Amino acid sequence: MDKLSTKEMASMMILYMLGTAIMTGYTFYTTPHPLYIIISFLSALIPIVTCTIIIKNNKKNLFSVIDESFNKFFSKIINLFFVIYAFIIELFYLRYFIIFTKNNILIKTPVIITTIIFLLLIFLTLKRNIITLGKLSTFLIPINILIILFGILFSVKMFDINNLNSLLTLNMDNIYDNLLLSIILPFSDIVLFGFIINNINKNENIKKSYSIAFIVSFILIMLMYFTNIFVLGFPLLLKVPYPTFITVGLSSIGTYVTRMEIIVAFNFFISTLVKISVCSFAAMLGLKHIMDLDNIKDINIIYTIIVFITVMIMPSTINKLLLLLFKFKWYFLFTAFILPILVLIRSKIKNRKKAI
């Protein structure tokens, strides 16, 4: 089977980490203060470093390491934790994308049609395993980054430096709740790459893939974040669910494409497709290990149907969706940070026993 290269894996990670941040400029998650963005990125280093050590020591993905490090009962329980984690993340971002599409792009199109089309794209993308997604990400990443940079460039004419003053005096109420959400989202879910990383070519550098993705994503999101501040300012930035969409919507790029937000919406579609596809692949791979299946293709259709049914009954507004997300914060914290560390410790103990 073909393997992912460093370039393909890094491209996937960048699009994955951008995710909904490409539309929200990060302000969707917590109090929009730069401190929270920095904390979120630094926190993401914990699962990144943990997963890298596990993979390099064992030459296998996390699901395989868990199976070898724990007995059959505990390995299935731990794998189930990660499957549920990936499933929740997938549902959340898919529902968010559907709400955005319904409110801004396909206003007259029934939600059920949008959901079916998007899930069908994910199904077809993963039909040939994760390799297809890697090649697609490599092709689309230059376009994605160019659109972001052009969106920022065309917004410069509307910059108001005075908006920075409101940032300096921003009220940071509920700091602990916001801090916790900043730690667990939106970047700690990169832990899911630890479960698909065995698809990378053995001659490629795993650490390099993580490093490139981490640095590029951080720079792009910070650029989008400050662009939104300079154009929209506070308190408007706190009142809109899609600040980047609104920011670039004020720009025009000529006769043929007069509204920049159309192009940004395409960017949002691409990054969301990659993010949800990775979550879907990780969840199905975990179910494959739990159910002792030969291939994830055995559950691809059933899993897609379950996702579809669940998404359709989820909240239809951003505020209610956020409240639902907030209820899972401790589960996210435990699964993304503590469990990988426990797996690392257990695998080291197991390897030492084998060496004796």
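Any Cβ shown, glycine's included, is placed from N, Cα and C.
Lifted from TrEMBL, the feature list:
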TRANSMEM  12-29  transmembrane segment
TRANSMEM  35-56  transmembrane segment
TRANSMEM  77-99  transmembrane segment
TRANSMEM  105-126  transmembrane segment
TRANSMEM  138-159  transmembrane segment
TRANSMEM  179-200  transmembrane segment
TRANSMEM  212-238  transmembrane segment
TRANSMEM  262-287  transmembrane segment
TRANSMEM  299-318  transmembrane segment
TRANSMEM  330-347  transmembrane segment
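Of the Cβ pairs linking the transmembrane segment (330-347) with the transmembrane segment (212-238) and spaced 6 or more residues apart, fewer than 3 are under 8 Å, so the two regions do not touch.
When Cβ distances are compared across the two stretches, the transmembrane segment (212-238) makes no contact with the transmembrane segment (262-287), since fewer than 3 pairs at least 6 residues apart fall below 8 angstroms.
By the Cβ criterion (under 8 Å, sequence separation of 6 or more), the transmembrane segment (105-126) is not in contact with the transmembrane segment (35-56), since fewer than 3 such pairs are found. Listed as Cβ neighbours of the transmembrane segment (299-318) (distance under 8 Å, sequence separation of 6 or more from its ends, same chain) are residues 28, 87, 90-91, 94-96, 98-99, 111-112, 115-116, 119, 122-123, 126-127, 241, 280, 283-284, 287-288, 291, 293, 324.
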